[in-house]
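*Asks:* Got a structure for you, written out below as C-alpha cells; questions coming shortly.
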Amino acid sequence: MGIFAFALDGSLTAIRTARVDIVGVMALGTVTAIGGGIIRDVLLGETPATFQDWRYLVTALAGCTLAFFLSRQLTHLSKPILVFDAAGLSLFVVIGATKALEFGFGPLQAVILGVITGVGGGTIRDVLLNRVPTVLSANSHLYAIPAMIGAGFVVLVDLTGFGPGWIAVIGALLCFTIRILALVYRWNAPNPPGAPPL
Amino acid sequence: MGIFAFALDGSLTAIRTARVDIVGVMALGTVTAIGGGIIRDVLLGETPATFQDWRYLVTALAGCTLAFFLSRQLTHLSKPILVFDAAGLSLFVVIGATKALEFGFGPLQAVILGVITGVGGGTIRDVLLNRVPTVLSANSHLYAIPAMIGAGFVVLVDLTGFGPGWIAVIGALLCFTIRILALVYRWNAPNPPGAPPL
Amino acid sequence: MGIFAFALDGSLTAIRTARVDIVGVMALGTVTAIGGGIIRDVLLGETPATFQDWRYLVTALAGCTLAFFLSRQLTHLSKPILVFDAAGLSLFVVIGATKALEFGFGPLQAVILGVITGVGGGTIRDVLLNRVPTVLSANSHLYAIPAMIGAGFVVLVDLTGFGPGWIAVIGALLCFTIRILALVYRWNAPNPPGAPPL
C-alpha cells in the first residue's frame, strides 16, 4: 500500500513539475516508491529488498501506470493522495527502523535509517526533477518530524526490551497522526533565526 | 569503447552546459562513463568493476582529456559522437542485464539493472550539472526504450534456456538500431495525456 | 574536528542558499559532514563507519545545531570556517586514501576514493540544494586538486613500501597548505580552451 501510494504521488509530481515522457513518469514514480528502501538496504550492506521480490516493482509500476493515464483526474484528488502518502510514510519509517535494529544498528542510526526509508525516495525524485527536496524546505508541513517521532518511538520501546509486534503499529499511527495534523493546521518546523517569513 | 564514448560525451556536455574547470570536466566525464556500472554493482552488492581494474578508469580519463583539449573541434562532430554513445549504451545495457542474471536476479530486476547500467552515468552527470536528466525528459528520442528492449531480449532468451554468447550481440544490435532510428526520425515516447505539445 | 567543521560549513551554506527549516539545516549539515565517508564505504563494500560509531553522528549534529542558532553571527566568521574546512578536507582525504589502500585497492582507485571522501559530502549537499557542486565549478580555488595531491602523496609513498604513520600527516599538510594558498591567491584550475573568462 505504501509503495502504491508513493508511486502514485511520485508520478503525479513528475507530470506536474517537468516535461517528462512515459519513461520519466514510470522511472520517477518507481524511484519515489522504492528509493528510500534501496538507500537503507545499501547502507545496511544488503541486497535491496525490492530486487529480491518482484512484487514490489510490479506494485510500483502499477501505481505509475495509473498515474500516467489518469493524471488529469487524479490532480483533483490531491487530498486523498496526501493521506495515502502519510500512510506510506508511516509504514516505511517503522519498517526501516525495525529492520535497522534487527541488523544490530544502534538507536540513533536506526532512527536515521527509518527516516531515510520514508523520505529517501521522494528526495531522489526531487533531485532528479531539479528541485530542492520538499522534505528539506521550510514549507514541508513537518514531513520529516513525524517520521523521526515514529521511528524514535519504535527504537525507544525496543531499548526498554519491552514488546515487539503491535509497538510498530503505534509508532506508525503516531507518525501518521502528527503528519495529518501538520497538514490540516499548516504546522511548519522552526526556521533559522533571522530567516524572512514564508 | 563504450567507456571512451561515454567519457567523451559526458565531458563535452559538461563543457557546453556549465562553467566547469578541468576537474569538473574530468569528474563529469568519468562519472558518465562509469557511474551506471557503479550503481549496478552497488545494487548487486559487489565491489564496482571499475575499482577492480584500473584500465576502465584510464580509458575514461583518456576520453575526458581528449574532450578537454579538443572541445571546440569535437562539437562539430556531434553526430558521430551520438553514434558512439548509442553503441556504448547498447553494450552497457546488455552487459548489465547479463551480469544481473549471473548474480541470480529475476528477469524484471535484470532488465532494470541493465537499463541502469546504460543510463545511470548520464543521469548522475545531469544531476550534477543541475539539469533534469535527458533520459527522463519528453524529448529524449527513446533513450531508455531501446535500452529496455535490448535488455528485455537478452533476459527473455535467457528464460527459455536457449543459447548464451551471440544472443547478447543481437540484444545490443537491437538496442543500437532502435536508438539510431529514433534519432534519425525524431521518435519520442508517449507523453502523459493532456501534456502540451513539445 | 573535520566532521564538526564540515557540518558547520554545510549548515551555513544551506541557510544562506535556500529556504530550509531546522530539518533541512540538520540534514544538509550532516550530509556534508558524513556523506563523503559514506560513499567511500559503500564503494568499499563496508558498513559506513558513521553508522558503526554514534559519536560521528553526534559531532555532526552538534555542528549543525550551533550553525542553526548562530547562523547570523557565524557568517561574519567565513574566513576561519574556510580554514577549518580546509583542515577537514585534508584529514578526510588522507583517511580515505589510507582506508582504500588497507582494503587492497590499487593506487589510482585509492586516490579517487580519498578525494571522494573529502569532496563527496559537499557534493551531495550542493545537489540537494539544487546547485552545480562547487568542487566542479570553474571558480573553486583548487578544491579537488589539493585533495588529489594529498591523496597522491600518501599513495605514492605507500607504493615505495616506505613508512606509514607520519606520512599521512605530511599528505594532509600538503593538501591543507595548497588549499589555503589557492584561497589566498585566488588560484583556479585551468578551464577548457575557448571558455569565456570568469
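Each Cβ is built from the backbone N, Cα and C atoms, and glycine gets one as well.
Okay, these came from TrEMBL:
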DOMAIN    A:1-71  domain 'Glycine transporter'
DOMAIN    A:83-157  domain 'Glycine transporter'
TRANSMEM  A:20-39  transmembrane segment
TRANSMEM  A:54-70  transmembrane segment
TRANSMEM  A:82-101  transmembrane segment
TRANSMEM  A:107-128  transmembrane segment
TRANSMEM  A:140-159  transmembrane segment
TRANSMEM  A:165-185  transmembrane segment
*Asks:* At an 8 Å Cβ cut-off, counting only pairs 6 or more apart in sequence, do the transmembrane segment (A:140-159) and the transmembrane segment (A:82-101) clear the bar of 3 or more pairs?
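*Replies:* Yes, the transmembrane segment (A:140-159) and the transmembrane segment (A:82-101) are in contact.
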*Asks:* Out of A:54-70, A:82-101, A:107-128, A:165-185, what stretch is closest in contact terms to the transmembrane segment (A:20-39), meaning most Cβ pairs under 8 angstroms?
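*Replies:* Stretch with the highest Cβ contact count: A:107-128.
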*Asks:* Look over the recorded stretches A:54-70, A:82-101, A:165-185 and say which has the most C-beta pairs under 8 A to the transmembrane segment (A:107-128).
*Replies:* A:82-101
*Asks:* Please report, as numbers and ranges, the same-chain residues at least 6 past the borders of the transmembrane segment (A:82-101) whose CB is under 8 Å from any CB of it.
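*Replies:* Same-chain contacts beyond the ends: 1-6, 8-9, 36-37, 40, 44, 109-111, 113-119, 143, 146-147, 150-151, 154-155, 158, 168, 171-173, 175-176, 179-180, 183.
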